[in-house]
Amino acid sequence: LLGRCKVKSNRFNGPCLTDTHCSTVCRGEGYKGGDCHGLRRRCMCLC
């Protein structure tokens, strides 16, 4: 999905194991949602 803005979550700690948890944390930060991304499994929020 080209053109999607993603930023690393400020509040999520540790490896991102489930997209659901990441999305919940991101919504708490004011973003639209989020998912686990990359080899390091970082929580990335959707702008």
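Yeah, the Cβs are placed from backbone N, Cα and C, and that goes for glycine too.
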Checklist entry - So, in Swiss-Prot, which cysteine from Cys5, Cys45, Cys47 is disulfide-paired with Cys26? => result Cys45
Item to check | Record Swiss-Prot, residue Cys47, disulfide partner from Cys5, Cys16 | outcome: Cys5
Checklist entry - What does DSSP assign Cys16 (disulfide bond), in three states? => result coil
Checklist outcome for this item: Least crowded of the disulfide-bonded residues Cys16, Cys43, Cys45, Cys47, counting other Cβ atoms within 10 Å of each Cβ, is Cys47
Checklist entry - Any idea which of the disulfide-bonded residues Cys5, Cys22, Cys26, Cys36 has the thinnest Cβ neighbourhood at 10 Å? => result Cys5
